[in-house]
Ligand code: KIV
Ligand code: ZN
């Protein structure tokens, strides 16, 4: 039955609302934190992808979270996504969410309260009756500040179903317009999920007034399966994240849900507003920002997702791709032509290729990226789409960096102490550093500390190859920590040492942004 919602008007029966929580549930997992600029960039990309709701953060969690939610709320007009902020069921949280989302053209206050006996007894120390009362109070308060209010039953899938029905009824009565039932600990099986949603949608008085939403964690690898089971039982909002990032084993992956809905329309009878050819670009942007690539065999966006290795499969695909492909690579943003530009290619061809890959860059970014592309093409026989994407992501992500790597020289060999000299531009001024180390990377990082003195703990150093071959680009991730603040930096280059220096400088820049948000601006001088 068609439903009328304060943010979406009359919704067609088969329309699935995509509620993206990459910036909240995704961002709260260890190592995946993003700074404000990165969140804004991700929010733009998610809007271009077609996400209907962006959960921009948890406004009360910190001044930084509040600022992120507010900045994202200011960014979009009525044509943009609904902007949500998470709140526990108390006045301070709800008021923080109301305030932070106020600038949004379409704000949403999202309230969560646990409903399982275990959570109520151990965590909340509340009785069932107290929880019911709190639902009514908190949803009523939120509705005084926003027309669009979502209520979530934390640990809903492990809650007593009779009691859950009473909670949902109370939330709808108090004015909740979306009811979300999370599988918070990733425990449910698809059949459980189907039963929970069928029961709630068919039995709760007033259920027809709200949109039912599903939110699944992947502890048993069932997040997407549970999401699809909920859709089959009538859920019309799906909570998910790009690349499936999120607490512990993550959330349902947006790209997998969107493509399942599209590919299996015959069984699911539903559609999303996702522009699927933008999926790969959005996935890569997140990987670049966070420093975590997806595994090669990840559905939809993994490097091998459309690669056919066995002779029998290759033969079939050459005759007719549908023999072994249930969706086309182009439908999610992969290009069929993986060998692309070379050192003789011009700026126009480069710009054109970027456009095909989904990048719209300004003239300055284009110039910088083109310069790096030419350098790369000189060193590398074949430049693949993945190389170009890594290179442009580097430039786009680094647009506002205060420290830039301008030169690096390393001498190393058997029986000699590795030595590095480095040149940086710090707020436009050149500074140099020199140091030895236990290896080429160690010497390079020491030279960086010599050029720009600072004290941080190096927590992670990881190298990955972007494409195959000995001339492949390396992507390096560096994680550093200062006073409990963690940042990740990425760098790519055909030379692993240069990629390492780029990653280190990137992390350092992120740390400076983090410092500036909690302290007065630092004067950058070596
Ligand atoms: O997993 C969960 O229960 C959540 C809620 C806050 C919706 O993330
Ligand atoms: Zn969650």
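Positions of Cβ are set from backbone N, Cα and C atoms, glycine also.
The C-beta environment of residue 25 (Mn(2+) binding site), restricted to residues of the same chain at least 6 apart in sequence and closer than 8 Å, consists of 55, 239, 241, 246, 247, 251. Per TrEMBL, the feature Mn(2+) binding site maps to 25, 215, 217, 251.
Within the model, the domain 'Pyruvate carboxyltransferase' (16-280) shows a mean pLDDT value of 97, rounded to a whole number. The annotation domain 'Pyruvate carboxyltransferase' is assigned in TrEMBL to 16-280.
Positions annotated as region 'Regulatory domain' by TrEMBL: 404-526.
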Query: Using a 10 Å radius around each Cβ and counting other Cβ atoms from all shown chains, which of the binding-site residues 215, 217 yields the largest count?
result: 215
Field: Local Cβ density at residue 251 (Mn(2+) binding site) - other Cβ atoms counted within 10 Å
entry: 32
Residues flanking the Mn(2+) site, with Cβ no more than 8 Å from the Cβ centroid of 25, 215, 217, 251 and excluding those residues themselves: 21, 182, 184, 216, 218, 223, 239, 240, 241, 246, 247, 250, 252
Message: I'd like the per-state residue tally for the region 'Regulatory domain' (404-526) from DSSP, helix first, then strand, then coil.
response: 35 helix, 51 strand, 37 coil
